[in-house]
Amino acid sequence: LQSAGSRGEQARQLVIDLETRGKQAFPIFLSILRDTGQGDLADMLTEECKCPPAPPQGVDLRPVELDLRAEKHNKSNCEMSSVKDSLASYPAGSASKRSEAPCACQVYQLKADPCGHCLILNNVHFSSSSNLSTRNGSDVDCEKLEKRFKALRFNVLTRRDLKAQEMVSELQKLARRDHSAVDCCVVVILSHGCQTSHNQFPGGIYGTDGKPIPIEKIVNYFNGSHCPSLRGKPKLFFIQACGGEQRDRGFVVDCDSPDNEAPGGSLESDATPFQTPAGNVDEPDAVASLPTPSDILVSYSTFPGFVSWREVASGSWYVETLDRVLEQYASSEDLLNMLLRVANTVSAKGRYKQMPGCFNFLRKKFFFAGK
């Protein structure tokens, strides 16, 4: 706690520590206060943390929206509310209701309309010299996500079949935009992928010319140093590409996992071989001295090192599931909870397995704002 800084920061860190210690942490903390002669403080905290009556069943309450200028003024009340929330017990596997949402200062505020820009890079056809196959079914993915993010109040721009440098140019163009009037930014990349040398975010994405771009290089175009108008705002990346060549056959469990067809026929992967860079030199924009990322989430279609499966007719397992989950739950659940649903559904598909995951550096809960 002493390393947290001022007494106020130490108090905030104490609240965070209590939240991560389970639902018995706060009662034990109160008991210790009383045992050490600080009963008045314990009584005050007990009184402050009395939970309000539960809202009526079926009522869908959205997170309270606070003026960001008042965030500092309300921070102490929000911290007490977070202690209260940490003591609440939610049934395992149940949907997270907006009526149970945390204090507004713990939720990203999406008030703008459109709420942000969404760039979709969709690579389908690759040059013959790249030795990369045509990504049949990717246009199905692209169309689904265009419609979905428009419905979620994003200004959507799609670019198709770009070489690596053209992809970089589009990403940099988006990063250089003035995002002051919007609250969020989304980047979707649909392409072949590979393993790369990395310090922060694993994996790389191929342009249609067969040249890879490290994902961490892509992400860092949008960090606080390179994109100041997105500082403090959520930046979301959805990557449909292979993380490597390994094919996961899974392991036997006692469950009713669907037994889909094995890869073959219309089922394809986005895998390409891992190539170690010459001289073991890092990419120039992916060195350890880059600023620590914040307000960033990178959602991968598959675990690093493994292939990502795509149906010719229905698109990739990951995008198909992501679109369906967003359609059903975006109005009531936060993004991380929905990504757990995506991971659970995709992991149950097929004889060859696939495990989506994410690197999460968000500071608050993220709820999409639908129309």
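Keep in mind that glycine also has a Cβ here, set from the backbone N, Cα and C atoms.
Keep in mind that TrEMBL annotations are predicted by a computer and have not been checked by a curator.
What TrEMBL records for 1-48 is domain 'CARD'.
Taken from TrEMBL, the feature domain 'Caspase family p20' applies to 114-246. Mean model confidence of the domain 'Caspase family p20' (114-246) amounts to 92 (pLDDT, 0 to 100 scale).
What TrEMBL records for HIS192 (among others) is active site.
The active site annotation in TrEMBL covers CYS242 (among others).
Feature annotation from TrEMBL assigns domain 'Caspase family p10' to 286-370. Residue counts for the domain 'Caspase family p10' (286-370) by DSSP state, with H, G and I taken as helix and E and B as strand, are 26 helix, 18 strand, 41 coil.
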CYS242 (active site) and HIS192 (active site), compared by Cα position, are separated in whole Å by 6
